[in-house]
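Annotated in TrEMBL:
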DOMAIN    B:19-237  domain 'MacB-like periplasmic core'
REGION    B:58-80  region 'Disordered'
TRANSMEM  B:268-294  transmembrane segment
DOMAIN    B:273-393  domain 'ABC3 transporter permease C-terminal'
TRANSMEM  B:317-343  transmembrane segment
TRANSMEM  B:363-385  transmembrane segment
TRANSMEM  B:411-429  transmembrane segment
TRANSMEM  B:441-474  transmembrane segment
TRANSMEM  B:495-515  transmembrane segment
DOMAIN    B:498-697  domain 'MacB-like periplasmic core'
TRANSMEM  B:730-755  transmembrane segment
DOMAIN    B:734-849  domain 'ABC3 transporter permease C-terminal'
TRANSMEM  B:780-800  transmembrane segment
TRANSMEM  B:820-843  transmembrane segment
């Protein structure tokens, strides 16, 4: 797919013929320096943004070309989101935030599943609290729980640990990992943190709107090395 | 960058929000300046009219009262023709002309349709004289030359489709006479709506005064070089006592005074509404600036951090307010002139002709408008400006995020409750008042205090009320409703202030509708209780019944009796020597059957015995008069007689309160025949079983006299209800202005809420909230704010209305009736007001780009 802004002289290509498959039941990380187009890629994949050309499929459904109404439904029913910050509605309690996508859809949450998700992220004690009564880590865990609770086909995370200290970040990433391993969840996460990327099964490297490399079963050190490598090449070229 | 520059930039950066506040200022200022322009224009119109019609000096009979348009006898006081010659001989007199004018006439066309004005302006019948040519110009036909000629003014001719040769019948106390239109005149100045007919002098004397050789006024013009005052002195010396002399200036003053009463009522009523609009506007302005300051907290913090002083920040906000005030007021003054023109058009359509040629904009009008608009705006912005000054430099560094839940302070709650309680206590005192005077002071105090209390305590009530409304209204809408409820509760102070703006208008609506419907209910109840007559014949503006119309009524078959009711002016002296200028109600002895008055002492029917009368209980108490006392009654223009008090009627009544009754025969013995007043009204009862036929026959009999209306009891009640209803509708119409301003406030609050919650909205859209759901959420929030305001306002207003009724019970407003249909309609209507206010903000929220919303910092 291609994503470009403007036209003619001022045309800026954010995604330059990116072709990518995201495997079901796996944890994929998208890495790259600022301005590499990793957030744009995620927004397009998640149906938040439109592409200039190309096609995107979620399972059998083509999301490119869907009208806003269908896209909204798709996001509501089949996709989960975790953002870097401002994930929760301040007026709703933790549990209300978690069940919000299902409430909006008018679906009843599966009580059994909900309990399991809540237990997994360790929030059972704080469900009645408002977001401003929770710590940053707790807030992100609520966001993870919300993404998981609706059993979406895929969860997109945009720097989900970017605002957390390393301990809280590790906790959240641990939950994401667990949900892939134990619950079979598919997750795509955008990050620039090699440690975060090391939790994934596969890392895609993006630079200047292209996928330049990928790595299976990454470790933090290997990711870091690869990043340094890119940086060095970037400087010499 | 200077403070002024920053303010300017901010002002223009928030054009949209400022525009709404400016509209509020505009509306209020427009109402004030429109009222001023309108009343000034009316004054100009009348001044011009008086200026051209008045002669240098006017001689009238002493006892003619110019404000009493219709003398009770139906015949104007007159002067002998010989007086004109006497005046002519006075020193400095160039010319003197006798004139005949009567306002006690009704003119009908060949189809018996009244050609008089419907606006309350009079029909004036005058004799044709050269004097008239000062104000009019004959544009068709010829002047009246003989007893069958009449000239009519152009406006009336056009309105009623009259042409030369058409017949007009004039109904005067001395009888009817028919004339043919010989000419039509155009006014050279604006005639504000009177119907004027001109007769040949002898015809006017015969037809209006009963015989030739009489005038109602002598118009005197001075020789060159003689001042009006000198002329007046000369004429006075020549005539001696017993005449009323006025210079042109005095006559104009007297005329203006007549009109001024009517104009003042209108002026103060409209200024009152302008005041309400201002009050509501203040809420809007306070809210707008509070929101702007809240939104700019970081920016202000930054300015403080880089060295702006508190004062500078404070001043920059006030300068923005000043700009807003100036822009709103200038536009408001312009709109006010437009409003005045619109009002003039409206009056024209109701028969009161006003010409835009007379449009008068005094320099004071824009001055007052601007001063008021700017002052109010700056004062309203003062509190938010101070808050802006208090923003600490640290605010720049903190993550602003969403504004914290504004917890309304405990102090605020205490003050609000205290005010409300004081208001309630004052209202309670008002309901217990024994006299209307102090009672109404308590009522006013109670209204002001309770309103203030509600405004202060509003944000605290918002929590409870919105939650309660949520259970009833919002839960149906599931999670969207719940979010709307939470959003409305998020900043109770803002919700409170927004709702309060709506509350004021609706409180007044509720209060007035309670008083209005209690008025109708009380009057109906009293009519049922006291009126025994089947029919009542009267004129809408209080003109008495001419003898020929009365004769027609008396001839109607199927009537058991007709009761005349005459009002005879008299001065009454009690045994202790106290005097009382009042009138006696001289009626037929059948009166007590037609109107059942309760007595506190004696038997009312005895009052129709020889030398007897009754008095009202208020008079009896005040003057220490008891049954058996004898009063000295000096009839105006008649004899002085001694009458014995045989009964005291209760004054706890609306019908004929305070009337002193005596027999017609008692009055006629004391008065010369030509001084006997006409009947103020007639009461009649049908023979058993003939009600319907008699009613129809009465209507038929009065067809040639369209100025009188005959009603049976049911129609009379219906008319009463219509009258009150019409009055209320006008008031509601004006209050709509306050509600418009309040709606602007809701729009403003919502628009800002949408901007503030951009990220939240983006998040919700990202996780699957559809556009429709988003729009619904904002609409519901708006509805809930509107319903909150309505609930408070209606509750408050019903409290005021009930207190007012309890107080007015002293004046006979004995029945409390809460107009539930109106109240409910207004409540439901306010939900629609909320929906309407949310239209644009909801649309804009729906259009927000999801990605931008998420990315916005």
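Just so it is clear, glycine is given a Cβ too, placed from its N, Cα and C backbone atoms.
On a predicted model such as this, the values are computed, not experimentally measured, just so you know.
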Secondary structure tally of the domain 'ABC3 transporter permease C-terminal' (B:734-849) (DSSP, helix then strand then coil): 101 helix, 0 strand, 15 coil
Touch test for the transmembrane segment (B:495-515) and the transmembrane segment (B:411-429), at least 3 Cβ pairs under 8 Å: no
The domain 'MacB-like periplasmic core' (B:19-237) [mean pLDDT, rounded to integer]: 86
Recorded stretch, among B:363-385, B:411-429, B:441-474, B:730-755, maximising Cβ pairs under 8 Å relative to the transmembrane segment (B:317-343): B:363-385
Distant-in-sequence neighbours of the transmembrane segment (B:268-294), which means Cβ under 8 A and at least six residues beyond its ends: 10, 14, 17-18, 20-21, 24-25, 27-28, 31-32, 34-35, 38, 300, 317, 320-321, 324, 372, 376-377, 379-381, 383-385, 387-388, 391, 403, 493-494, 497-498, 500-501, 504-505, 508, 734-735, 737-738, 741-742, 744-745, 748-749, 752
Beyond the flanks of the transmembrane segment (B:730-755) by 6 or more, those residues with Cβ under 8 Å of it: 16-17, 20-21, 23-24, 27-28, 31, 269-270, 273, 276-277, 279-281, 283-284, 287-288, 291, 295, 487, 494-495, 497-498, 501-502, 504-506, 508-509, 512, 761, 778, 781-782, 785-786, 789, 833-834, 836-838, 840-842, 844-845, 848
Residues of the domain 'ABC3 transporter permease C-terminal' (B:273-393) by DSSP state, where helix covers H, G and I: 103 helix, 0 strand, 18 coil
